[in-house]
Every structure is written in C-alpha cells, then in structure tokens.
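Report on the structure given below.
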Amino acid sequence: MASAPNYDGEDDKRAPNIIRSPPMPYVGEIPGGLFPGRAILIKGSVLPSSDVKRFEVDLCCGLLVMGDHQDNKALHFNPRFETSTSWLSGKGDHQIVLNSLVNNRWGVEERYANVFKEGRPFSLRILVLADYFKVAVDGRHLCDYLYRIGISDVQTIFITGNVHIDLIEFQGERPRKADTESPICHGPIRKPKLPFIIHLEKGFFVGSKLTITATPLMNADNFYVNFLHDQEYFLHFRVDFPRGKHELCETSQGSVVRNSTYAGVWQREERQMSQFPFTRGVTFDMVFKADFFAIMIEINGEHFTKFVYRGDVLLNNVNKIELKGDVAVQMVVLK
C-alpha cells in the first residue's frame, strides 16, 4: 500500500496539505482531520479504457481500507465506466455510486449520472459542511451526501482504480478558540466614505460578525455588501430599492439579491424573502454572522435570511469586504 510521498523544494512550506502525483493505490493521513469548512480538492485524469472500469475516493476512519475487515468509511465515491460486452453480461454500470461502510457493512447506495470521461482530466472538490458533504466536479455541483457517521472519526483518504492523480489538496484550517472569539477586529469605524473596503489579513471565520448601521438615501437605487477573495465573490449581497409604481418589473417591489461567482462567472441568484426590509431615509442595523454552514443575516434584530456556503470560495479565504452604493453609513463594526 502506498504512503504519502516525501516533500522537498518550495512545497515544504505547505506540506502535508498538498500531495503531488501520489502512486496508485494511495492511502494517506488527512492532516488535521475533517471539520465544517474543510475542502478536499483532487485533480487528475481518468485513465483510457482498461480492464479496471471504475475508481474510488474513500474518506476512511483508519488504515484498514481493503480486504474482508475494513475500518468505517464516511464516504465512498465510486464512478463506474462499465459497459455491456456480451448478452450474458447484462446492462453495464455507468453511474457514480456514493455509500458508507459502517461496521463492515455497506449502506444504501446513492446514484448519480457519471460526469467523468475515460481519458479526460477532472477536478473533484469535496466540501465538508455541518451535516453533509457537498460534491462538485469541474466546478459544477454534483450532489450533497448526508453524513451517516461522525466526520470527526475520519483520519485517512484512500484512492484507487483507473485514475491518475496529479494533486490532492486539503484546504481550510480548523478554527482555533482564539480565532473564533476574535479572529479580526475593526471598529467601530464611524461614517466611512463609500466605496468602503476592509482588507482582512486572516480571513473570515466561523463566529466572525460584520455589523453595519446605515441610512439609505432618499433617491437610493441600490447598495452592495461584497465578501471577496481577490476578485471572486464569496457573497454578493445587493439591495435594489422599489421603483415607480407604474414600472412593471421585479424591482417595483424591491429585491435583495444574493449570489457568488465561480471562475469569474455569476452563479444562481437567491431572491427569496418574506418582505422587503429597507426604506429610503430610514436607518437600519444589519448583521452578517459566519456560522458553520452559512452566513446568517439579520436586519433590525430579526433573522432575514441565510446564504449557505457553496464551496467555490472557502470562508477563511475571504480577504476583502466591500460596501458601496446609495447609503450613508453611520458605523461599521467587524469582530
């Protein structure tokens, strides 16, 4: 069984969070284990047509990953490329199978259409959230997989089959107690001029909270609060104020848009709300608080909505918060 390769050169600074070109099959420790906010990025290629018609990525609770007696597996991710070669062989299996192994017994399979292609490169990202894994392939969401065992027991990753791996990267850091209590602290900052930007040296963490007290201008059209990693939007929060009564458009009632970008491309907008909470000329208090699985948003002391993490940008990679638009800001507090 292969183990993690040695590191030299520049990669020493980041080892063992990055593993390059491991031999197959590969089993290695997950440094720091799993926790909400962690992501595992795997880049490689499915081998051209061969006798082995599947590969697997397993998140395991120990080093016994093969044989009759195996340690528990929180996630078994298994793309299959089997085709029918004769009338005796039956229908081929060409799906992605997800499952868990608990007490040496497999559970109920969850199946999805196979988006991998033999002979083609791929990027697989497994994001760890509070209650489930969020799986994306080549930047597109594939599925969510609810935990069947506790992720705190997961220790190792196992990869085998008809696949070549170029890179395994373990992203995200476990929040330390000090970070959770006060990872960043700015403020109160009073009456900043817009556009206003806060640069974060250590990122945004679970427990971090941004509070904004502001008054929309009487002729306000919109304002924005953006959480960014460089030019990538982790959260774009845009308030569009109601327009004239005779304009037949969605914004005639006002809207609050939440979105993000992946590789510079806007993703799916979220617009659901019970009622539009802002009024021109009326001061509001708005709070963005980072939870384990979402940004929780409060307006005037009441829960407004939540923005569930999409995994394209990790929470602790946010390095900039931007506020701009048609508001007069009285105070900003970040802690």
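Quick reminder: no glycine exception, Cβ is built from N, Cα and C everywhere.
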Quick test of your reading of TrEMBL: among 1-21, 169-189, where does it put region 'Disordered'?
1-21
Take the domain 'Galectin' (26-171) and average the pLDDT across it for me.
89
